[in-house]
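Everything below concerns the one structure shown next.
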Amino acid sequence: MSAPASLVVVPPIRLGVNIDHVATVRNARGGALPDPVRAAMLAAAAGADGITAHLREDRRHVRDDDMRRLRETLTIPLNFEMAATHEMVAIAIELRPHACCLVPERREERTTEGGLDVIGGGIDLAHRVEQLATSGIRVSLFVAPDTDQIVRAADIGAAVVELHTGSWCDLRVAGRQDEAVAELERLTGAAEQATTLGLEVHAGHGLDYVTAEIMAANAHVRELNIGHFLVGEAIFEGLETAIRRMRAAMARGRAQLRAGKAA
Ligand SMILES: CC(=O)[C@@H](O)[C@H](O)COP(=O)(O)O
Ligand SMILES: NCC(=O)COP(=O)(O)O
């Protein structure tokens, strides 16, 4: 017999707003506007719990000065997304953001493809995780919902895994429902496994209002990082409205948990 809704303890869920693609628009003309830092401040005022920014090796969108200004300006946590390279570790240790999320990166990719190969990263990756963690930075690894990769993430001392929701979102958009259901089951299992290993569970990539609500109905998921969709919606409704609508969607997901109605 399930507990009455009033007794179900549901942990809060945070929204990290990724401002990469404000910088994409800025860079389209080579000028200073729109300023991604202004977007981050607006996002914070609209209810974002944190800001995520991805300093890519090719600096195609977020640039070093953006990350510095974000660090100097934000009063909410900064999640510095980066490849696990010597260059980026050095920048992160100098800036000391609240958190780093290590992501796979290939110059020729249009966006992040797949999760970090934690197992293949070997001792070098383990050493970089340790360097960041001993600098007081919370380390997250951006991984596919893969059991062995998640075990290895815990083994090398990551505090967080961020589950790559991109495949699931792409399958839904493509109308490949059966495969999407199977991928959601993988994500659900991975979230539970990661929790049992003592990892905090985040999720991100490709999320929109509908898929964010579904992710928020998973009690193991404590943070969603969302960017591209929000920046797109901001073109039509404004960033503040888009963020408020996203938070409402996440709240609906958590409400389903409380009511014992989550899938
Ligand atoms: C890791 C991830 O899914 C995103 O946070 C990442 O920033 C995507 O890269 P782009 O923002 O360059 O598309
Ligand atoms: N780590 C995921 C993220 O920060 C945003 O991804 P997206 O919403 O821009 O696809």
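Placement of Cβ uses the backbone N, Cα and C atoms for every residue, glycine included.
Within the same chain, residues at least 6 positions away in sequence whose Cβ sits under 8 Å from that of His228 (3-amino-2-oxopropyl phosphate binding site) are Asn18, Asp20, His21, Thr111, Gly206. Classification of His228 (3-amino-2-oxopropyl phosphate binding site) by DSSP places it within a helix. As annotated by TrEMBL, 3-amino-2-oxopropyl phosphate binding site applies to Asn18, Arg29, Gly206, Gly227, His228.
With a 10 A radius on its CB, His61 (1-deoxy-D-xylulose 5-phosphate binding site) counts 22 other CB atoms from all the protein chains. Under the heading 1-deoxy-D-xylulose 5-phosphate binding site, TrEMBL lists Asp20, His21, Arg56, His61, Thr111.
According to TrEMBL, the feature active site, proton acceptor maps to His54 (among others). Cβ neighbour count for His54 (active site, proton acceptor): 26 (other Cβ atoms within 10 Å of its Cβ, all protein chains included). Annotation note: His54 (active site, proton acceptor) sits in a strand segment as assigned by DSSP.
Within its own chain, Glu81 (active site, proton acceptor) has Asn18, Thr52, Ala53, His54, Leu55, Cys100, Cys101, Val103, Phe142 as residues 6 or more apart in sequence whose C-beta sits under 8 angstroms from its own. According to its DSSP assignment, Glu81 (active site, proton acceptor) is in a strand. Marked as active site, proton acceptor by TrEMBL: Glu81 (among others).
Sequence-distant neighbours of Glu162 (site 'Transition state stabilizer') (same chain, 6+ apart, CB under 8 A from its CB) are Cys101, Ser140, Leu141, Phe142, Val143, Val201, His202, Ala203, Gly204, Glu223, Asn225. Residues or ranges marked as site 'Transition state stabilizer' in TrEMBL: Glu162.
The active site, proton donor annotation in TrEMBL covers His205. For His205 (active site, proton donor), other Cβ atoms within 10 Å of its Cβ number 24.
A Cβ distance below 6 Å to any atom of ligand 2 is met, among the binding-site residues His21, Arg29, His61, Thr111, His228, by His228. Counting only the Cα atoms, the space from His61 (1-deoxy-D-xylulose 5-phosphate binding site) to His205 (active site, proton donor) is about 16 angstrom. Apart from Asp20, His21, Arg56, His61, Thr111, the 1-deoxy-D-xylulose 5-phosphate site neighbourhood in this chain, defined by C-beta within 8 angstroms of the site C-beta centre, holds Asn18, Ala23, Thr24, His54, Arg60, Val62, Gly227, His228. Asp20 (1-deoxy-D-xylulose 5-phosphate binding site) carries a helical DSSP state (H, G or I).
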